[in-house]
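Note sheet for the following structure.
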Amino acid sequence: MWSYEKRLEYPVDIKNPNPALAKVIISQLGGPHGELGASMRYLHQRYSMPYGEVRGTLTDVGTEELAHMEIISAILYQLTKGMSIKEIKDSGFDTYFVDHTAGIYPQFASGTPFSAETFASTGDVIADLSEDLAAEQKARLSYDNILRMVDDPEVRDPIRFLREREIVHFQRFGEALSLVNEKLDSKNFYAFNPAFDCQKPRRRR
Amino acid sequence: MNSRAMLLKRLQVCDFVLTEVGLFLDTHPNDKEALAYYHKYLALKQETQTEFTRRFGTVSRYEPKNSDTWDWVDNPWPWDNSEG
């Protein structure tokens, strides 16, 4: 189960509204490489994993991604608080504003709403961990793209933190995959799926 | 940075060490050095959290500032900037 600790994982203090930045940064909330999707991917994949170390990694990274989702939301909140109607119109934020005002709603930068279609949970140990490695790189590249477009140091700072975390998570999933390979048949990693083929038969009544 | 922001930053640093070392321990559960480091920072985080709570209010439902108020709901919340 989850607790909430009343603080951000990393500080966010943005003094100047800028809805133009919010328009792109929102993709890291509800977009294809965003934190909400990352969290849901890992938290859903963990159940079928047979190894405690992998269950632990997926649980803890999935939980940290919720904290990242919160950081992105704080960034968006501070970028749109007190924005003027002129800023809304000039930035193109008007199409979001009409339905969400300065509220926070998880969507892609393109406006597509958040969807579970952005992640998979296959119940196959190797497929799931391989997807997780790719997911972290996709998140990292999106942060790289955001950094290309943002000059405000108060916005760049938490974004750089989040980008670094993606790289660390990539390392962690790599280690989890190595650990799994060590436990499998070295002559054929695909001989069986340890998430499904090693179970004790369940009694049927 | 005011004193609340400074103490909050110390608390965030402690939390972060626990997050980071914890992730390492997930795939290296028997690493003695990492375990010792984790426990050292666990104690430090607890101390820092208690001091922050005493001076600036509740940050954890399991460590309320006192039992006469439910200051958990008080502003600021974590997504507010320094201008509140």
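In case you wondered, yes, glycine gets a Cβ from its N, Cα and C as well.
Nobody curates TrEMBL annotations by hand; they come from automatic prediction.
What TrEMBL lists as Mn(2+) binding site is A:E35, A:E65, A:H68, A:E136, A:H169. In three-state terms derived from DSSP, A:E65 (Mn(2+) binding site) belongs to a helical segment.
For A:D60, the entry in TrEMBL reads Ca(2+) binding site. The Cβ neighbour count for A:D60 (Ca(2+) binding site), using a 10 Å radius and every protein chain shown, is 19.
Rounded to a whole number, the C-alpha distance linking A:D60 (Ca(2+) binding site) with A:E136 (Mn(2+) binding site) is 15 angstrom. Between the candidate binding-site residues, A:E35, A:E136, the densest Cβ environment within 10 Å is the one around A:E35. Counting only same-chain residues at least 6 apart in sequence, those with a Cβ under 8 Å from the Cβ of A:E65 (Mn(2+) binding site) are A:E35, A:L36, A:A38, A:S39, A:Y42. For A:H169 (Mn(2+) binding site), the same-chain residues 6+ apart in sequence whose C-beta sits under 8 angstroms from its C-beta are A:V61, A:E64, A:D132, A:E136.
In sequence order, A:A38, A:S39, A:V61, A:E64, A:A139, A:L162, A:R165, A:E166 are the residues of the same chain, not among A:E35, A:E65, A:H68, A:E136, A:H169, whose CB sits within 8 A of the CB centroid for the Mn(2+) site.
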